[in-house]
Structure formats: C-alpha cells, structure tokens
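Undergrad: Quick one: the structure is below, and I'll ask about it shortly.
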Amino acid sequence: MATPGEGNQPSDDGAPQPLAQLQKLEPRVVRRRLSQARHRATLVGLFNNLRKAVYSQSDITASKWQVLNRTKIHIQEQEESLDKLLKLKASFNLQDGNPNSLEEVKEEYARMYSENDSVFLNSFLQDSPPEWFPSEAVGPDAEEEGEEEGEEEGEEGEEEEEGDEEGEEEEENGEEREVEEYQEEEEEEEEEEKKVDLSHSSSTLLPDLMEFERYLNFYKQTMDLLTMNSIISAHEVTLPIVSAAISHLWQTLSEEKKARLLQVWEQQHSAFADLTEACLELAGVEGSMKDSGVDSQGASCSLESTPEEILFEDAFDVASFLDKSEAQHMSNISAMFATCNSENPEEKFQLYIQIIEFFKSLGCVNTPLNQEPEPPDDDDAMLLKCLETFDDL
C-alpha cells in the first residue's frame, strides 16, 4: 500500500508547477505585446511622417509601398542637389572642415549613427519626442523596460528545470508565430492596395475595349449588309476605301443610333434580310426615339459571355471573314490591285460615295448630301487631280 502512496507523492508535489510557470510567463507575454504595440505605433508614425513629407494633401491616402517608392525618389533628388552644391563648394576651394563630396557625407552619416546610435536616440526622444511615438517608451518607463529585459535574461540563464525550458520554447514559438502573422498582414495589405490600383487602371481601359468591340460588331454587320445588297463585290471587301467608308459611317452615327442599331442587329442576327429591316426600323422610329438606356455593354454583350470574350469572338469573326474572302478570290487578285491602283481614283471615290448613299437611303445616317466624305489618306493624288481639273475649267 505504501508503494502507490509513494508513487502519488511526486505528482502531488509537482501539481503547483504549471501554475507557477504560467505566473512567470504572464508578465513576459504582456511586456512582449506592449513592445510589439510600440513597434507598430512607431512604424505607423514613420509612414505618416514620410507620407506628409513626400506627398501633398490631396495624395495623403497613398499606400505604404507607394510612400516608400516616392521617398526613395525624393532622397535621390536631394542627393543630386547636395552633390551639385558640394561640387560648387569644391570649385571655390572652401575648406571649412566639413565634407566636400557626397561620398564623404554618406560615410560621416553612417559613422555617426553606428557609433552613437543609442546616445542619439535617447537624446532625441528625451528632448523632443514625436507625436506618434508612444509616451510609455520615453523616460523612466523605457529604462524600467530595459531593466526588466535584463532581469528576464538573467532568470532565463538560471532556469534549469525542464518545465521552464519548455515554457521558453513555447514563448519563442509564440513570438515567431506573431512575427509571421504580422508579416502576413503586411503582405495582404500590400496585395489589396495593388489590387485597388489595378482595378482603377482596368476601369479606365474598359470603355475603350467596349467601344472597340462595338465597332467590330458594326463593321461585320455592315460588311454583310453591303455584300448582301451587291453594293460591293466579294473582292472589294479588303479595299482600304471600304474600311474608310464604314469608319465614316460609324463616326456620323449618334450614340443613340449606335446603341439602337446594335441592339436590333443582335436581336435579329439570324438572317441577312433582318439587317435591312433593322435599318428601316431605325429610320421609322428616329423622330420619336429617346434614350434607350442601353449602354455599350448591354448593346453588344450576351448574357453568357464576358465583354472580353465577345471582343475576341468578333475580332476572330472579322479576320476569318476577310481571310475566307481572300482565299476564295485569289484568281482575281490582279483585278483587285487594279481597283486599288491610283490610276482609277474616280472609281474608288465613286465606291465611297455609293456606300454612304446606300446607308442614307436606309435612314441610318443623316449626313447632308452636299457634304463631301472625309477622304482617306491614300486618296491625296485623286484630290490633286480634281483640283487641277477645276483649274483647267
């Protein structure tokens, strides 16, 4: 019976040990957290001061990585100015015992802070502590904290029990975890800030992409309409004058007409005949048509695809249409070049006018009849010939 009692005796005596260990660890955890809070407050204050120094009041909400980047640029600019002044000083042979070059200034600055960093920091904090620096870290409290840290080091050196060693390991692991968590928080903040900047840039690019997608859709539907009504032949779809005419049509259309036309084409894209009906319907409701409330995205994007997908689909459709037409009419390539040749400027100009007049007859554009279309860049020779003809008359 004595044996079980003796076996239970050590466990009874060792029961208070975990409680004592917790009591010893509690002040350390509190001091460590207080030190971390002071460190974070110091970093926040430094970033705030840097932000105010390198940014104006309108950009006071800049992110940390932007502040660091701007600070780096600011320091480089200050170094360049200082270097110029020191070179000017050296040109006058001024010997005042101070550095005469930028390298000497850097060396003296590094030597001053490496030798007297603690003295300078204490004097700086006692004389004029900044507003962002915690008041607990200045004066007697800072000294008490240093003494407490020294006592902790002595106690840790004297501890030899296994329980204390385990507590130290847990404490170190806890500190490492807190440092890792702090670093992860900083990385997450930087990633979020970068995502916000990217979203701003993408929001500025989206309208241009949508406008380009709308024009591709209009180009494809217009080309189908012209070929269906025999306004242009199959080998004329690749002529620059045709593209110039379609571009002129797109520029003359108002936003309401663009949205309405693309909406009707999207609803009635099953047959080529519906394209003509779309233009006629647009001409019929032109007088009473108001804002349809359809923006560029709603006018040309389906519910099943994203705007980017629709954009690339239309681009591939136009490219495949042009490639197919070119492959089918390789035998007529000489005739196509003859049409594009500057020897027939009247035919090119007539084709341009024919396309514009066809859409005027459908009521899709309201360009005045006496207004000459904007000539493409490759028709300068034709205009010069026209002017010479008028001079001869």
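FYI, residue positions are counted from 1 along the chain as it appears here.
Heads up, the Cβ atoms here are built off N, Cα and C, so glycines get one too.
According to Swiss-Prot:
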{"type": "COILED", "residues": "66-95", "note": "coiled coil"}
{"type": "COMPBIAS", "residues": "1-11", "note": "compositional bias 'Polar residues'"}
{"type": "COMPBIAS", "residues": "141-192", "note": "compositional bias 'Acidic residues'"}
{"type": "REGION", "residues": "1-25", "note": "region 'Disordered'"}
{"type": "REGION", "residues": "124-201", "note": "region 'Disordered'"}
{"type": "MOTIF", "residues": "28-33", "note": "motif 'Nuclear localization signal (NLS)'"}
{"type": "MOTIF", "residues": "209-218", "note": "motif 'Nuclear export signal (NES)'"}
Undergrad: Near the coiled coil (66-95), which same-chain residues lie under 8 Å Cβ to Cβ, leaving out any that are not at least 6 residues past its ends?
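TA: Those are 47, 50-51, 53-55, 101-102, 105, 193, in sequence order.
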Undergrad: DSSP says what for the motif 'Nuclear localization signal (NLS)' (28-33): how many helix, strand, coil residues?
TA: 6 helix, 0 strand, 0 coil
Undergrad: On the DSSP side of things, how many residues of the motif 'Nuclear export signal (NES)' (209-218) fall into helix, strand and coil, could you say?
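TA: DSSP composition of the motif 'Nuclear export signal (NES)' (209-218): 10 helix, 0 strand, 0 coil.
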